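Q: First the structure, which I've put down as structure tokens, then a few questions once you've had a look.
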Amino acid sequence: MKAFLATSNKHKVEELNYISPNWIEVSPISDLFNEFNPEETGSTFIENSVIKAVTGGNKIKKIVLADDSGLCIESLDGFPGIKSSRFMEGRTYEEKMKAIFKMLEGKDRKAYFACAATYYNPMTNQLISYEGRVYGKISEVIRGHEGFGYDPFFIPDGYSETFGILGNNVKKEISHRARAFNGLFNILNKII
Ligand code: ITT
């Protein structure tokens with residue numbers, strides 16, 4: 001099966017290529033048209049993932065996958081959550097992570113990454129979403145250059161290093177993205 005990932009984030013495409021089974025070939029939607037940037041008006045990861053998939057699929061009239069994801073910090077009521085990318089827009093991730101360190105002073109550091117993976121086929125109108133999470137905590141210091149976004153300050157449960165150090169070899173096994181897309185691919189494998 002050939003699918004296009006409706007994203008403007010090249011790191012998501014790279015990670016999906018690690019995760020995808022042989023029977024799925026994933027290319028970025030930017031192969032077909034540029035500037036994919038629909039307004040994310042949903043209030044959950046699933047809603048925003050569906051917006052991206054349906055907007056992208058209807059535009060290119062081909063099978064599309066979408067990923068809406070983010071970091072949720074439990075003591076900050078799930079912040080930055082669905083706003084993970086838009087929070088402090090225009091600033092570097094180092095600045096964003098340092099701002100979060102300040103917010104967390106004296107607070108519990110438990111956090112999780114969530115990812116909503118969506119499949120949309122505009123020819124059949126079939127729409128399927130699956131959410132995955134990885135639980136862990138926010139580190140005391142920023143460490144590592146692997147991955148992207150908030151990876152350098154997130155330590156997954158069962159490990160003592162950040163995703164920024166652990167990199168794709170670990171992310172492809174346990175990340176929110178791996179869990180979401182593996183769940184979605186298991187469903188697709190049964191019905192397609
Ligand atoms: P698209 O909407 O075009 O897919 P985006 O990067 O804006 O790209 P999201 O709206 O889903 O995507 O925001 C996800 C943000 O959450 C992302 O930019 C990172 O800041 C963070 N994030 C998601 N997954 C992550 C991961 O695996 N590692 C680190 N940060 C992640």
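Quick reminder: no glycine exception, Cβ is built from N, Cα and C everywhere.
Automatic prediction, not curation, is the source of TrEMBL annotations.
The active site, proton acceptor annotation in TrEMBL covers D68. According to TrEMBL, the feature substrate binding site maps to T7, S8, N9, K10, H11, K12, S69, F148, G149, Y150, D151, K171, H176, R177. What TrEMBL records for E39, D68 is Mg(2+) binding site.
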Q: Could you check which of the binding-site residues H11, G149, D151 have their CB within less than 6 A of ligand 1?
A: G149, D151
Q: Counting only other Cβ atoms and using a 10 Å cut-off, which of the binding-site residues E39, D151 scores lowest?
A: E39
Q: Using all protein chains in view, find how many other C-beta atoms are within 10 Å of the C-beta of T7 (substrate binding site).
A: 23
Q: Which of the listed binding-site residues (N9, S69) has the least company, meaning the fewest other Cβ atoms within 10 Å of its Cβ?
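A: With the binding-site residues N9, S69, fewest surrounding Cβ atoms within 10 Å: N9.
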Q: Quick check on the binding-site residues: of H11, H176, whose CB has the lowest count of neighbouring CB atoms inside 10 Å?
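A: Sparsest of the binding-site residues H11, H176 by Cβ contacts within 10 Å: H11.
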Q: What's the longest C-alpha separation between any two of T7, S8, N9, K10, H11, K12, S69, F148, G149, Y150, D151, K171, H176, R177, the listed substrate-binding residues, in angstrom?
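A: The two farthest binding residues have Cα atoms 20 Å apart.
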Q: Please classify the secondary structure at S69 (substrate binding site) using three-state DSSP.
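A: Note: S69 (substrate binding site) is in a strand by DSSP.
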Q: Quiz question: given the recorded positions D68, G149, which has the greatest number of C-beta atoms lying within 10 angstroms of its own C-beta?
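A: Sorting the candidates by Cβ neighbours within 10 Å, the top entry is D68.
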Q: Measuring Cα to Cα, tell me the gap between E39 (Mg(2+) binding site) and the residue listed as 'active site, proton acceptor' in whole angstrom.
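A: Rounded to the nearest whole number, the Cα-Cα distance is 12 Å.
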Q: What does the structure give for the C-alpha distance between T7 (substrate binding site) and the residue listed as 'active site, proton acceptor'? Integer Å is fine.
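A: T7 (substrate binding site) to the residue listed as 'active site, proton acceptor', Cα-Cα distance: 9 Å.
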